[in-house]
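Here is the structure we will look at.
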Amino acid sequence: KLGVPQPEGGYATSQKEAIEVAKRIGFPVLVRPSYVLGGRAMEIVYDEMDLERYMKEAVRVSHEHPILIDDFLEAASEIDVDAVCDQKDVIIGAIMEHIEEAGVHSGDSACVIPPQSLSPEVLDQVRDYTRKIALALRVKGLINIQMAEKGGKVYVLEANPRSSRTIPFVSKAVGIPLAKIAAKVIVGHSLKSLGYMDEPKPKHVSIKEVLLPFDKLPGADPVLGPEMKSTGEVMGIDYDFGRAYYKAELAADNVLPLTGKVFLSIRNADKTELVDVAKKLQAAGLELMGTEGTVNYLAQHGVFMDVVKKVHDGSPNVIDMMRRDEVNLIINTPTSKQSRRDGSRIRRAAVDFKVPYITTMQAAIAAAAAIETMKKGEELTIKSINEYHKEMEEENKV
């Protein structure tokens, strides 16, 4: 009706029907029970065998409890929008670009205001779809819309006519009390009468980072996916992405090292993007090491580093080095079953030995940018949130 693109999808009430729907859409697909919170029992499945396992182990499907099956947009950038609508006008509080790609639960992904890599054309699509959806739903108050961008095209994943968990972050980032505005709209005020008609345009960069509880969960693998695992959030603000991201990681107690050793063990799908990350880390003076496959790949692209044994090949390996406090950062994105077992042990050891760790390539790219900025001698801005808001107010008066 609105002409807003969304990923192809369907639902199933039996295993046979689920396989038929998935084949029609094409793997990989995102599967979940028909009503879940926090991504509970949500999973990305890559083939028919994986789907059969999910149907048997993860959910009980029936006519009363169907499962939803959607096309999974691989390598897409996920976007969150928080807005207020009074059934006539719509004000966008902020467009948030997720650091992690689509596939990591929105509650577990770091995100940035304003977006750093989305084109003006994509942002215009996001604004257009937000207004169309909010007005068509006759929303009176807050609405949160999740979208994904792939190849310059924006898809709407879901629209929730309610407050979202990002409202406190957005309000602090842009200096506008969205919940208060929405409450006044609900009781009859218009956005125009309240003086809020324009989308805020902050000059500073705000990063939301999550707090993960794995240090309280012995043995749990700290890997991110469609099921939400975080239990809190922190925020970093500065005048560029690098410093804001560094502050956010500092607040999350995942302090990015400016000296020392970095261990790399990356799945094949991520290796193309790894080259630039490795070059930035090496140029920043960090010493790199990794497993044989990663080391050989980077050597072909002019980045040379030390080889460390895989965990299943025996000692000395990276876990031994963490135990001796010889590793300052772990970057690990596993894929195969053996690598997954090794990766799980490495990530768990990083939590246990309190070594900063990264499990997605997008977070590695962000971390490399932050380290590069800090190594250039950039000073962290020490300023209250009120001072950032005052600067925005003064700019808007001009």
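Cβ atoms here come from the backbone N, Cα and C positions, even for glycine.
Summarising the annotation, Swiss-Prot assigns ATP binding site to Arg32, Asp71, Leu73, Glu78, Gly103, Val104, His105, Ser106, Gln146, Glu158 and lists sequence analysis as the type of evidence. In sequence order, Glu78, Ile79, Asp80, Val81, Ser106, Val156, Leu157, Glu158, Ala159, Asn160 are the residues of the chain that are 6 or more apart from Gln146 (ATP binding site) and have a CB within less than 8 Å of its CB.
Taken from Swiss-Prot, the feature Mg(2+) 1 binding site applies to Gln146, Glu158. Under the DSSP three-state reduction, Gln146 (ATP binding site) is assigned to strand.
Here Swiss-Prot flags 1-187 as domain 'ATP-grasp'.
Positions annotated as domain 'MGS-like' by Swiss-Prot, on the basis of sequence analysis: 254-395.
Per Swiss-Prot, region 'Carbamoyl phosphate synthetic domain' is recorded for 1-255.
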Message: Let me make sure I understand the span of the ATP site: among Arg32, Asp71, Leu73, Glu78, Gly103, Val104, His105, Ser106, Gln146, Glu158, what is the greatest distance between any two Cα atoms, in Å?
response: 18
Query: Across the domain 'MGS-like' (254-395), what does the pLDDT come to on average, as a whole number?
result: 92
Task: Enter the number of other CB atoms within 10 angstroms of the CB of Arg32 (ATP binding site).
output: 20
Task: Helix, strand, coil: count each for the residues of the domain 'MGS-like' (254-395), based on DSSP.
output: 75 helix, 21 strand, 46 coil
- line: Residues near Leu73 (ATP binding site) by Cβ (under 8 Å) yet at least 6 apart in sequence within the same chain, in sequence order, are Pro7, Ala102, Ala148, Lys150, Tyr155
